[in-house]
Amino acid sequence: MAIIKRGARNKTAQEPAKRSAKIKKATYDSGKKKEVGVSDLTLLSTISDEAINENLKKRFTNGTIYTYIGHVLISVNPFRDLGIYTDAVLESYKGKNRLEVPPHVFAIAESMYYNLKAYNENQCVIISGESGAGKTEAAKRIMQYIASASESNSESIGKIKDMVLATNPLLESFGCAKTLRNNNSSRHGKYLEIRFNNQFEPCAGNITNYLLEKQRVVSQIKEERNFHIFYQFTKGASENYRQTFGVQKPEQYIYTSAAGCTSVDTIDDVKDYEDTLKAMQVIGLSQDEQDQIFRMLSSILWVGNISFVENEEGNAQVRDTSVTDFVAYLLQIDSQVLMKALVERTMETSHGMRRGSVYHVPLNIVQATAVRDALAKAIYNNMFDWIVERVNISLQAYPGADKSIGILDIYGFEIFEHNSFEQICINYVNEKLQQIFIQLTLKSEQETYEREQIQWTPIKFFDNKIVCDLIESRRPPGIFAAMNDSVATAHADSDAADQAFSQRLNLFSTNPHFALRSNKFVIKHYAGDVTYDVNGITDKNKDQLQRDLVELIATSSNAFLRTIFPDNVDKDSKRRPPTAGDKIIKSANELVETLSKAQPSYIRTIKPNQTKSPNDYDDQQVLHQVKYLGLKENVRIRRAGFAYRQVFDKFVERFYLLSPSCSYAGDYTWQGETLEAVKLILKEASIPEKEYQVGVSQVFIKTPETLFALEHMRDKYWYNMAARIQRAWRRFLQRRIDSATRIQRAIREKKGGNKYEKLRDEGSKILAARKERRTMSLLGFRAFMGDYLLCNERKSRGAYIKKQAGISDKVVFSIKGEQLQSKFGRSSVRVKKVLILTHSHLYIIGQSMVQNSVQYTTEYKIDVNKIAGVSMTNLQDDWVAINLSNSTQPDPLLHTFFKTELVTQLKKLNGRIQVKIGTVIEYQKKPGKMHKVKSQVSEATPKYNDNYKSGTILVRRGHPANSPQKKKPKKGKGHSKHHSTSTSAPRSSVQSSQPSAPVSRKTKKPAPPPPGSKKLSSSVAQTASRPQPVANSARGAAQPQATPQPAQVTQPQQKKVAPPPPPPPPMQSSEPKYEAAYDFPGSGSPSELPLKKGEVVYITREEPSGWSLAKTLDGSREGWVPTNYVVKHQGGSVPPPPPAPAAVQATQAANVTSTPVSSSQSETATTATPASVAAAQPNFSDGLASALAARANKMRVESDGEDNGNDDDDDDDW
């Protein structure tokens, strides 16, 4: 199946939205033109002819001439250049559907070209409207767009496109003229087919010509002109032509000056003549062919200057024989033979099957003038037909045409003061086009809905078939048939034929669309009533050249003249030659048949005034056109109907890619009925049922937006498939790289050990068995990773802090901690800080709330080379003082869980640093003033933390100072085989226990938790998501955390085991109870706990920022609440908490790092309630992260409790 790629969309100047953004930021487009009225008449609130007219008037006044009725384009002639056909405008419509851009003729052309490629169906555009409404201009713009859109590097293709465009100036020159209503009125009809090859490049073309108005060659209405070419030639002819063909100015010729208009302000005849010559060259007309064309034009002009006078017998004779002599020279015939053919008529009698006598009948002046004009009309008409055929020969030079786009540019509906045979032919063709529009857009559409059993409310409309039958019908005879009968009855006498035709018109008196007047008749066309003159109408219908003129031309030595005239008519043939009426009926029906084989587009043109003024808008005239074009009915049917319909097979063939059930890898895989495939496609493409209906054999899409959505999804299918293949390949390559990395790491560790573990061992050496050790420090999983806040990553909290602090160097160590700060009139307090160490400086960064957001600023910037030493106690506390040398700043006293790693990193950067370990910490509280902080063993302190009180650090007894580091445990059996590995940050050999880079990784979906665990785990996630009041954390590594709750552990699917028995009910919490003083609905954040006034909760932690961590009495919900919204509960009956939920396996206990646990650990795990988990001694094999989380939360609860009751200021020396 061919892949159809729609043209690229134009990119805007703004940056693409982030992937996480749902809606792009709105921006003001100052260049966009303000919308006036509605761009689609189906959006009108009131559907009436007056409302349509008013909307068109608003847009015309604003310089907006295009409006839609669904897919039908309404065009109002602006009578001025609006600058809307430039190359830039044309480019903006490429690859766009009509809803993405304003209404324009380019949008219709783009739709046709896209449908040709997408559906491989012939396309055509029917441009209709009255004379002067802008049909020819619309046809030219469609050709301009298609030539530009069908880009090709082929020289032959480019030549065809140039030829197609060149047909415009050539056929305009020979087929258009200035009329009272239009300065460039088409006086013929043409249907141009642009044919395309399999690559949808224009490779051929064909033009069909319809009924040239040859009467204009010899006579025009006052202030009108002959065909443009006569004025171009007489004004712009070269000196060679003037000498050879005797070319004069247009004022010297009767055929160009009789109407009194030889120049038009808006027409440059000389320039247009040059364009015509260029077009002839592009199409391929040789110089000899061009010379012969201009010879014929000269002969026509000079034939018009032949005049007659009466001789003595009252017959006509040529006034000036020099004129006939020059005409004979141009036509290359004998002068005497020419004069005789003009003033005499040859008659031949017959007797049965035998020929009779031949008579030469002299003509009077009127008859001789008619013969002269007939000769001029015949030469021009036959030459025009030859030019069209010659163009077709050039356009057919390149074979391979498969599909086509047809452009119909035909004369518009005409109503003059005197209307004759030409007008009835023109108006008849317009009736046929109106009938096509009715058949395809109104009648056929409603019949299709009824046949397909689609829900539909019928709409009444006028079917003009009765008018078409009145003109073209043979049985019963129509007007053309009656005309032919009259000619056959009295073929020798035109007046008698007119009289016979007038009598036959009585046959139509009962037709409601016909009325008879004296010597005239009225046909009620769809565009209005037109009165036609009977006099002379039958003679124009004969369309036969007098026998004498045919024989005259046959004597010419000019090969071109003989070529453009057909062979002599067989005199013995008894068959009646076809009349002009027969030809126009045949041409019209062939046109209808051609159009019915293509998918039509419609352009309805409207003429706003009769004065050709760019500022006038004649409401009555436009309202009349709105009514006879049937725009109101079109709007009503469009609003009630469906924008697209297609038979099941073609719809499935087009869109089966959108359904995974019907396709795989681009192949059609559905084995069932096509009807079921249609329903699956629409369902799996998420098309609402109200947007389509499924009939008996077709599917109907209601709105064009839905169709465009389907087309867009289909266009994106191939790109999505390519992206999937690319993702799979990249995933494979990354897995291979990660595997190689793991192998390399394992080899390096085998040879030289892990660098992070080496750094840890070096830290143990620095302590030199002088400081008691914590349990967590001795774990085998412990490794000195350094950048725990991930400051070196691109998108992380640490990177944000680093940017705000103005740090540009690479970070070697980062952690959240606390600093002891003295407050005037208060005890020294522990203030949260961020510690960042680079190769040259140690940064102590503070944080503050500014407009509800955390801001980070550098408070201390310490040069590493100016650090003289560090001071620590010999107990297991986490305090360390940074002793500065010759500094005007006080020495900072810091608290951090990773104090040994900080000291090790400082010692590595500056080997001169002295590490002081004793019973006290000595530091400069003020510059030049030493202060000592004592340490004391207290078993009443929190198990995983220490307390600072009145210059003394209270801490439990730790492991002996000479305790050895435990060996790193082996990986568990349940470790994921294909876990993701990030190479962007350093990792230890056991990645599951250490903080890692913030790289999004997809892991296997964990096993579903037992009942009751979901609520508990969600509360932890909610609490951890709020940035302001959450305790210090480094992605869950060795930092204070909220009270741990059972949570899901991201681990491989393991074998199900029988659940343990439920635990006993939880003990009554000893935490203080508070009561909500006000309603707190919350802001919608999952980290907040909404409260109702009077609701009692536990407060587990208070923050200086004004937030408190609360949880409900039953422990099912936990979150942050404003501290000033709750007050101490004064007692009273509080309902007991409900029974504890079902037991949760220990492997699903709180684990903020989602550490995988080995299968052996999982099998020996025990159950625990949230309270018991917090208090339980962590098992070494449970991993560092779980133990750190439990330690941090327990420490925070106990530390806060003691600090709240401490009001003494023993440490204040201010």
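Cβ coordinates are placed from backbone N, Cα and C, and glycine is handled just like the others.
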Task: Segment assigned the feature region 'Disordered' in Swiss-Prot (from 198-246, 737-785, 786-834, 1129-1177) - done: 1129-1177
Task: region 'Disordered' according to Swiss-Prot, located in which of 1-21, 85-105, 337-357, 904-924 - done: 1-21
TODO: Give the residue counts of the domain 'SH3' (1069-1131) per reduced DSSP state, in the order helix, strand, coil.
DONE: 3 helix, 28 strand, 32 coil
Open item on the list: Give the mean pLDDT for the domain 'Myosin motor' (36-715) on the 0 to 100 scale.
Closed with: 88
Open item on the list: Which range wins on Cβ pairs under 8 Å with the domain 'TH1' (771-961): 36-715, 740-765, 1069-1131?
Closed with: 740-765
Open item on the list: What does the DSSP secondary structure composition of the domain 'IQ 2' (740-765) look like, as residue counts for helix, strand and coil?
Closed with: 24 helix, 0 strand, 2 coil
Open item on the list: Per DSSP, what is the helix/strand/coil residue tally across the domain 'IQ 1' (719-739)?
Closed with: 21 helix, 0 strand, 0 coil
